[in-house]
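See below for the structure under consideration.
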């Protein structure tokens with residue numbers, strides 16, 4: 001009976017986690033469109049500390065979408081371990097990248113598409129080999145876990161690093177370095193996941209009729225979650241306003257997943273009970289995600305698609321064989337390149353008109 005119940009909870013957590021990724025991936029697009037509209041109106045940008053986005057309905061639609069995603073994510077943590085729910089956040093990378101190409105004119109080249117695919121494959125491998133956290137069923141057990149010296153040291157380091165990034169590094173390098181604001185969101189996110197896990201247990205006990213509202217940890221977790229989420233929203237808005245959405249989303253995923261897995265390992269001691277093949281599988285899956293993110297980020301400005309792949313291979317073959325191009329061949333290749341480029345530009349122009357160019361908003 002308990003095994004059947006565990007499988008049922010696993011399926012519910014899986015569906016909720018996937019739904020969460022869809023809502024959150026779409027929220028990035030809605031928020032970005034709202035911020036772009038404000039920038040065209042001349043309002044002070046969020047990246048400069050402005051808060052005019054609070055008057056933009058598209059931004060609020062994105063916030064509601066993210067809220068729905070976070071609620072689904074919250075519920076998923078109550079039914080499934082964090083090491084299953086968190087890696088599935090890679091789906092939001094795929095959703096955001098696809099929607100960006102349609103609605104924000106942020107085109108993904110062949111490298112980016114392969115990078116998204118690798119991120120999904122890596123997440124699948126991580127889910128298969130993910131460590132199982134210890135069972136924590138009561139608020140008292142959660143309180144004991146949170147009071148562990150290892151977790152206290154980790155949480156203290158997270159707070160110190162976040163304050164340094166917010167107060168010292170952010171004002172100097174936040175406008176030019178994409179990692180600053182994203183790192184703030186990610187490391188604080190590790191603490192917010194722990195709070196969500198604790199509040200999920202609190203809600204379960206509340207429905208069971210236990211007096212959890214009298215437990216001080218319930219209110220500490222709620223207050224901590226409010227502070228963490230508010231900080232994440234603020235700095236994620238800044239990152240989205242300054243940098244490309246298709247780049248912010250995957251980098252945020254990688255750093256956030258690393259932080260959550262580290263926090264979960266320290267809090268629940270899950271790595272102590274893992275087999276060697278599961279450890280190797282988990283690291284392999286995560287490295288696959290990192291490779292995918294690298295392809296997506298490093299080659300984002302390279303105009304390389306399947307359409308011009310045969311031409312590139314043909315030129316590489318000639319260069320490898322040491323064949324000198326004749327004047328006619330050079331002219332022919334240039335003519336083919338121009339035709340191919342013209343066709344791609346025409347296709348992109350048609351796509352822009354179909355999907356709506358940025359200048360239309």
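Glycine is treated like the rest: Cβ placed from N, Cα and C.
Automatic, uncurated: that is what TrEMBL annotation is.
Of all ranges given (150-171, 304-325), TrEMBL attaches the label transmembrane segment to 150-171. Note on TrEMBL: of 178-199, 332-353, the range annotated with the feature transmembrane segment is 178-199. Pairs of Cβ atoms less than 8 Å apart link the transmembrane segment (248-267) most often to 85-104, out of 57-79, 85-104, 111-130, 279-299. Below 8 A, the CB atoms of the transmembrane segment (178-199) and the transmembrane segment (12-30) form no more than two pairs separated by six or more positions in the chain, fewer than 3 in all.
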